[in-house]
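The annotation signal peptide is assigned in Swiss-Prot to 1-31. Taken from Swiss-Prot, the feature domain 'Laminin G-like 1' covers 41-213, and the record attributes it to sequence analysis. The disulfide bond feature in Swiss-Prot is assigned to 189-213, 358-386. Positions annotated as domain 'Laminin G-like 2' by Swiss-Prot, on the basis of sequence analysis: 220-386. Here Swiss-Prot flags 376, 392 as N-linked glycosylation site.
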């Protein structure tokens, strides 16, 4: 026998409730159903570190003091949600650090930073529930209580300011104002969000994400067409000195289009050494000199190794060596001695490029680079996930 739909069954049961509870229960059921039916949303809106949603609540009308949602991410650090009645004196933040949940609180009763629970950055959906009971805060992950903080809060009805703002996917003050700062942007998807009490909600504003959670995702770093990032050469592992050598390793997944993959240079002259994607090949060039190309084999690491007089591009058993002109070698080595030396990834600012590509990883001198620590980058870069097909990354539907 087919199982009856959840909402009609619950509505039927509501008819048996006393009239005094009828309207409250009906609103609760409908709010729960809306949360379950709503599609997953991406926690980064492409506008920087701003929240994807800000809700305002009247605490004097609050009946339900809990929030719940499901989260999927490969990102180990960022803000899930933040709430305050005063950004200076009374605020709360739930985020991830090293993949595990972290709560930060600052109010007249408690000032604390606590991490607890399992890692959530495994790419699976995890159910998270935050409850306020009297003066305590409870955190549940996948149905298990992982943290209970007692004597850390007054009741919500006793707050000096009766209005609370709740921000999803960001903060309402600078990250430096956190007790222990972290990178706010969290590359992840959230669904079935239920935030405090819908009956007490006064207003809501949203910034639609330009990323889709409907496409099949996998871990990695995704560069949509025209996006870029740059690292200062002084902030990444340094070349070997005797003899001089520097290497970059990329695990490149199937890509689309043509355009720049990476470059070494300065903001004024970024073309000292460049790698371009072109017709399923990579083309290595130095300055205005003719380049060489290497057909790509997906699934094998691509390595660029710089020596005293050559730049060697290799993948598996295939290898191409580009001789560096004597006049060009000195400036290339000097890149590491000046503060303007840069490693550029993706298109240069203002450069026309149709290339979209995903990196499974990027290593300098054998050490993995963290895109969250780039000197600057396009906000549309997916720092910890990739669509299974590069063409799906520009889908803005949810």
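Note that Cβ sites are derived from N, Cα and C of the backbone, with glycine treated the same way.
Nearest by CA distance to residue 189 (disulfide bond), out of the recorded positions 358, 376, 386, is 386. Checking each of the recorded positions 358, 376, 386 against residue 213 (disulfide bond) by C-alpha distance, the shortest gap belongs to 386.
Taking the domain 'Laminin G-like 1' (41-213) as a whole, pLDDT averages 93 in the prediction. Here the disulfide-bonded residues are 189, 213, and the one with the most other Cβ atoms within 10 Å of its Cβ is 189. Of all Cβ atoms in the protein chains displayed, 11 besides its own lie within 10 Å of the Cβ of residue 376 (N-linked glycosylation site).
Here the C-alpha separation of residue 376 (N-linked glycosylation site) and residue 358 (disulfide bond) works out to 18 Å.
Residue density at residue 358 (disulfide bond): 23 other Cβ atoms are found within 10 A of its Cβ, drawing on all protein chains shown.
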